[in-house]
Amino acid sequence: MSARIRSFAAAAAGPALLAALVLLPPLLGRPFHYHLGILVGINALLALSMQVMLRINQLSLAQAGFMGLGAYASALLTRDIGLPFAAALPLAGLLPALLAGALGPVLLRVRGVHFVLLTFALGEVIVLVFVEWVSLFGGNNGLLDIPPASLFGTALRAKPAFYALTAATLLAALALCRWMTRGERGMIVAGLAGNEPLLQSLGVDALPHRCALFAFSAFLAGLAGSLYAHYFGYISPEAFGFWTAVNALIMGVLGGVTLLLGPLTGAVLLVPLPELFRDAIAYQRLFYGLALMALLLFLPRGLLGVLRASKGSTP
Amino acid sequence: MTVPRLDVDGVSRSFGGIRAVRAVSFALEPGRITGLIGPNGAGKTTLFNLIAGTLKPDEGRIRFEGRALAGLGPGAVARLGLARSFQATSVFPGLSVREHLHRAALLRHAGRPADLLRWRVLAAARRAAGERAAELLDFAGLAGVAETEAAALPYGLQKILGVVMALAGGAHMLLADEPAAGLNPTETLRMGALLRAIHRKRGVDILLIEHDLRMVMALCDRIVALGDGAVIADGPPALVRRDPAFVAAYLGGDADAA
């Protein structure tokens with residue numbers, strides 16, 4: 001009987017944690033908390049997109065660039081073409097997904113550090129295009145006056161409303177990622193990570209599946225970009241550079257690379273830090289660096305991984 | 001004349017300056033177990049990789065049941081019914097023996113990303129895969145370890161699992177890369193019996209790379225011997241073991257050792 005309770009607790013732990021995190025800003029209730037919640041959600045989406053690739057043992061640093069692509073696409077589609085936000089949001093995901101799908105057959109042939117460097121270069125090229133193509137993307141000044149998100153004719157100007165949109169998008173993305181790791185899809189993801197030659201010998205085309213996952217990861221990053229653009233109403237190239245990708249990576253690793261809620265947990269822990277310790281800005285990076293080193297050294301499977309292991313639900 | 005099961009025609013492949021496989025040709029009639037032998041470095045595994053689509057030949061053509069394999073990757077070749085097992089034991093981490101066979105039977109139906117959307121096909125394949133896994137567990141004598149994690153099995157059973165997994169997708173031909181390497185005499189006998197049963201009871205042709213010449217001579221109807229990437233002898237076992245070129249290259253001149 002106690003075993004059944006324990007297995008129920010293990011099954012309920014994820015949804016309970018998710019519900020607690022999603023409900024935190026409304027429970028605290030201040031605009032600042034909603035603001036943090038929105039930032040956490042956007043960063044968690046980006047970290048989730050990176051996790052999709054980490055699940056197949058490929059670290060892509062292009063995800064911040066894909067996020068930028070989604071942000072600029074969403075901004076231009078709504079501001080200059082007058083598309084409703086409800087149409088721009090999925091398009092902001094599809095555009096980077098198409099780019100990733102087109103480049104995947106070339107990029108994904110390489111592995112390890114070479115893939116990391118190629119995606120780093122791709123991310124830099126995307127940002128460079130934003131900087132250099134001034135007439136379309138506004139150069140270093142970026143784009144201003146991006147209209148607020150709106151759904152069913154109602155502008156989501158208030159922070160609680162935008163927070164609800166962010167949370168809904170994140171929940172949908174989590175559901176998609178969960179679907180992706182179930183059934184035959186999960187078998188293929190696990191096989192790509194664990195033993196690709198064996199997977200191929202069983203009749204699976206590895207490269208097309210890797211490309212599909214790369215496109216899916218870019219789709220999630222593009223959604224994060226669209227939310228970012230419409231929340232701030234202003235975007236510039238530097239927001240989508242190397243450090244954005246690295247921060248998302250840190251969040252994912254900190255929370256737990258293989259756990260669905262790992263990226264969100266990492267974002268919850270790391271995103272508020274700079275906002276909360278604005279006064280101690282001089283020591284912030286030092287503290288951040290030391291904390292990160294300690295976490296990675298002592299908790300290599302991430303915080304959620306430790307919590308799960310201590311409950312004995314998974315070895 | 002019947003269409004050969006496997007037709008290798010003038011296949012060559014170089015790595016840098018090294019010609020690993022040189023103008024290799026042979027056609028395998030259906031219904032045979034063929035041995036592919038030769039010393040280390042003779043090009044056997046490279047030839048397997050060329051047939052299985054892991055490597056592309058520089059020259060030459062490979063046909064499986066009359067169909068050209070040019071341009072097909074390893075997944076597509078496997079889906080045609082040309083399966084392979086690996087020299088080193090090869091398992092998925094954390095999965096039981098039954099899960100391995102289930103996946104092996106199922107995943108060919110999810111070979112391409114678009115296949116994942118054909119849920120009706122997948123649902124049928126899922127049901128069939130469960131039955132096939134159970135049947136293969138019995139066939140290979142693995143039923144007793146069905147729920148054991150594959151990586152925790154003894155080496156000999158892992159190799160048997162590797163061979164049976166290759167069959168799970170309904171292959172007509174098996175490329176078996178050194179199935180007996182690293183096995184003790186008892187395990188080698190069991191592997192030999194399994195390969196014979198696969199051929200006789202399931203009608204699967206086998207192309208066998210193996211260093212254990214006793215096993216090769218006992219199982220095979222025909223032997224293709226490679227030396228330095230080229231075919232140096234080809235024929236029934238009794239003839240090949242007396243072929244001077246084979247004896248010189250493979251046995252260092254001692255014909256009785258075979």
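First residue shown is number 1, and so on along the chain.
Every residue gets a Cβ built from N, Cα and C, even glycine.
Positions annotated as transmembrane segment by TrEMBL: A:7-28 (among others).
Residues 24-26, 60, 63-64, 66-67, 159-160, 162-163, 166-167, 169-170, 173-174, 177, 180, 213-214, 216-221, 223-224, 227-228, 231, 244-245, 247-249, 251-252, 255, 257, 262-264, 266-268, 270-272, 275 of the same chain lie 6 or more positions beyond the ends of the transmembrane segment (A:34-54) yet place their CB under 8 Å from a CB of it. The annotation transmembrane segment is assigned in TrEMBL to A:34-54 (among others).
Look at TrEMBL and you will find A:61-79 (among others) tagged as transmembrane segment.
Away from its own ends, the transmembrane segment (A:85-108) comes close to residues 58, 62, 66-67, 69-71, 73-74, 77-78, 115, 118-119, 122, 147, 149-152, 169, 207, 210-212, 214-223, 225-227, 229-230 of its chain (Cβ-Cβ under 8 Å, at least six residues beyond either end). The transmembrane segment annotation in TrEMBL covers A:85-108 (among others).
Sequence annotations record features per position, and here TrEMBL assigns transmembrane segment to A:115-138 (among others). Within the chain, the transmembrane segment (A:115-138) has long-range Cβ neighbours (under 8 A, six or more residues past its boundaries) at 58-66, 68-69, 72, 76, 103, 107-108, 144, 236-238, 240-242, 245.
Per TrEMBL, the feature transmembrane segment maps to A:158-177 (among others).
The transmembrane segment annotation in TrEMBL covers A:211-229 (among others).
As annotated by TrEMBL, transmembrane segment applies to A:249-274 (among others).
Sequence annotations record features per position, and here TrEMBL assigns transmembrane segment to A:286-307 (among others).
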Is the transmembrane segment (A:61-79) in contact with the transmembrane segment (A:211-229), using three or more Cβ pairs under 8 angstroms as the rule and ignoring pairs under 6 apart in sequence? yes
